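*Asks:* So TrEMBL has the following annotated:
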TRANSMEM  87-113  transmembrane segment
TRANSMEM  125-146  transmembrane segment
TRANSMEM  166-188  transmembrane segment
TRANSMEM  200-219  transmembrane segment
TRANSMEM  247-273  transmembrane segment
TRANSMEM  285-302  transmembrane segment
TRANSMEM  314-333  transmembrane segment
TRANSMEM  340-362  transmembrane segment
TRANSMEM  421-440  transmembrane segment
Amino acid sequence: MADAKGDEVLAEAQMPLGRWPILSYGVGHMLNDITSACWFTYLLLFLQENGLAPRDAAIVMLSGQVADGLMTILAGEMIDRFGHFKLWHIGGSILVGISFSSVFGGCLLCTVLGTDSYLVRTIGYSFFAAVFNIGWAATQVSHMSMVNCMTLNSTSRVALASCRNAFTMVANLGLYAIALVVFALVSAKACSDIVLQYRWIAYVSIFVGCCFLVVFYAGTKEPTLQSGSDCKKSARISWGYWFKKALYYQVALLYMLARLITNVSQSLIAFYVTRDLKMNEYSKAIIPAIIFCCSFLVSVVLQEIKWNSRRLKSLLTIGAILWVIAGAAVFVLPSQMHNLMYPLAMVIGAANALVMVTTIGLESALVGDDLNGCAFVYGSLSFLDKMSCGIALFVLESYEDSISCGETRGLYTVSRFGTGLIPSCFAVFALLVTSTLKLLDTNPRAAAAALEAPLLV
């Protein structure tokens with residue numbers, strides 16, 4: 001009798017999901033995605049316009065990255081042990097909404113303590129940056145780990161992941177659309193107006209993200225397959241197993257370098273186009289939007305490729321070479337020729353897609369059939385990514401000079417190095433590591449499964 005009931009549950013779990021559950025799940029990461037795009041593109045600029053020195057603004061970013069890296073590992077372990085995906089998602093989303101509005105809304109700690117001292121402002125912003133990233137990590141891990149326990153149907157799992165990726169694109173483009181509207185409606189005649197612009201961008205982003213959260217919570221049920229065949233607890237692969245693999249270190253380096261290339265350049269692009277190239281304020285939204293659109297289009301094309309080790313290495317090499325060329329051009333581009341930034345943005349977008357898609361493919365190739373150890377691989381590489389990006393931005397901003405609103409900058413600034421030359425150096429290092437890769441296509445179908453899934457449903 002029990003076996004019959006179990007077979008019935010298993011048969012139901014293997015049935016394909018309907019469109020509504022897939023759609024409602026797909027929008028569940030919108031708040032994270034739209035706030036993340038705003039965070040990496042505008043946070044450093046907002047904090048410096050709000051009076052923080054570049055080094056202290058970088059401390060705020062670093063505190064968030066450290067908290068994110070630690071929480072990614074902790075959340076994965078806790079969710080594996082206790083489940084309750086939606087509870088973790090709700091808690092993380094609440095922290096994201098409150099802390100994000102607290103960072104861009106002003107120094108809440110200053111208001112509570114009744115002081116506007118520089119030290120209190122730095123501590124206040126750093127605290128809420130850490131809270132934001134703790135909530136962000138909890139939401140991300142819970143949302144991503146729901147897929148395998150929502151259904152056993154492989155087609156539905158692909159559809160869930162595809163829908164999530166599609167709405168990630170929507171969230172990022174939505175953020176830059178919001179920014180364009182705000183820049184058009186709120187004129188920036190003084191530094192206080194610039195701060196107000198970013199606050200409106202943040203508030204509208206939170207509102208839009210929360211609207212999609214309502215859809216997610218209404219349409220997505222708590223997964224019930226935690227005890228099912230695919231989600232049962234089994235002997236885990238020890239961490240030492242991965243540390244004995246040379247491929248683990250190679251993939252970790254390449255993933256870290258890919259994230260450094262994309263995140264460092266994204267964090268400093270707004271400084272570069274407005275302060276170094278002296279483009280208008282709309283460029284702070286248009287240039288990142290062009291980069292993201294081109295990255296999206298190239299990613300769609302890459303999804304149609306049947307992957308093997310040779311193509312993986314070849315396309316990663318092409319992406320790194322494109323970044324070397326584009327980064328060097330960005331570094332030497334004079335402000336009088338700032339219109340060349342538009343085609344350069346297209347090249348950067350294509351290069352970003354090539355390096356990110358291929359390095360994610362390398363993660364899948366590393367895991368292979370060792371599914372009981374995949375949580376450690378993805379968690380450890382994510383931790384490395386968060387820490388390295390935070391430290392890199394902190395080091396770069398430590399060399400940045402504080403300037404007043406509208407003040408003229410020198411020829412070679414931190415934003416020029418961080419948007420152009422530094423990512424190019426990371427790309428050269430990635431080329432060297434890629435040349436040492438030795439991948440075996442023992443199970444190419446399993447290794448490339450994540451990449452063969454279409455981005456759009």
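Every residue gets a Cβ built from N, Cα and C, even glycine.
A TrEMBL annotation is a machine prediction, not a hand-curated record.
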*Asks:* Counting only residues 6+ away from its ends, which parts of the chain sit with a Cβ under 8 Å from the transmembrane segment (166-188)?
*Replies:* 26-27, 29-30, 33-34, 37-38, 41-42, 194, 196-197, 200-201, 204-205, 208-209, 212, 281-282, 284-286, 288-289, 292-293, 296, 455-457
*Asks:* Restricting to CB pairs under 8 Å, which listed stretch, 125-146, 200-219, 340-362, 421-440, is in contact most with the transmembrane segment (247-273)?
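*Replies:* Out of the listed stretches, 421-440 contacts the transmembrane segment (247-273) most.
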*Asks:* Would the transmembrane segment (314-333) and the transmembrane segment (421-440) count as touching if the test is at least 3 Cβ pairs under 8 Å, pairs 6 or more apart?
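*Replies:* Stretch pair touches.
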*Asks:* Looking only at residues six or more beyond either end of the transmembrane segment (421-440), which have a C-beta under 8 A from one in the stretch?
*Replies:* 247, 250, 253-254, 257-258, 260-261, 264-265, 309, 312-313, 316-317, 320-321, 323-324, 326-328, 331, 351, 355, 362, 365, 392, 396
*Asks:* Same chain, outside the transmembrane segment (200-219) by at least 6, Cβ under 8 Å from its Cβ: which residues?
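*Replies:* Sequence-remote neighbours of the transmembrane segment (200-219) are 20-21, 23-25, 27-28, 30-35, 38, 42, 86, 89-90, 93, 97, 100-101, 103-105, 167, 171, 174-175, 178-179, 182, 186.
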*Asks:* Other than its close neighbours in sequence, what residues sit by the transmembrane segment (340-362), given a CB gap under 8 Å and a spacing of at least six beyond its ends?
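*Replies:* Contacts with the transmembrane segment (340-362): 251, 254-255, 257-258, 261-262, 265, 273, 277, 279, 283, 287, 290-299, 302, 307, 312-313, 315-316, 318-320, 322-323, 325-326, 329-330, 333, 427, 430, 437, 439, 447-448, 450-451.
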*Asks:* Residues sitting near the transmembrane segment (125-146): Cβ under 8 Å, six or more positions beyond its termini, same chain?
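*Replies:* Distal contacts: 25, 28-29, 31-32, 35-36, 39, 43, 47, 52, 59-61, 63-68, 71-72, 75-76, 79-80, 85-86, 88-89, 91-96, 98-100, 102-103, 107-109, 164, 220, 223, 386.
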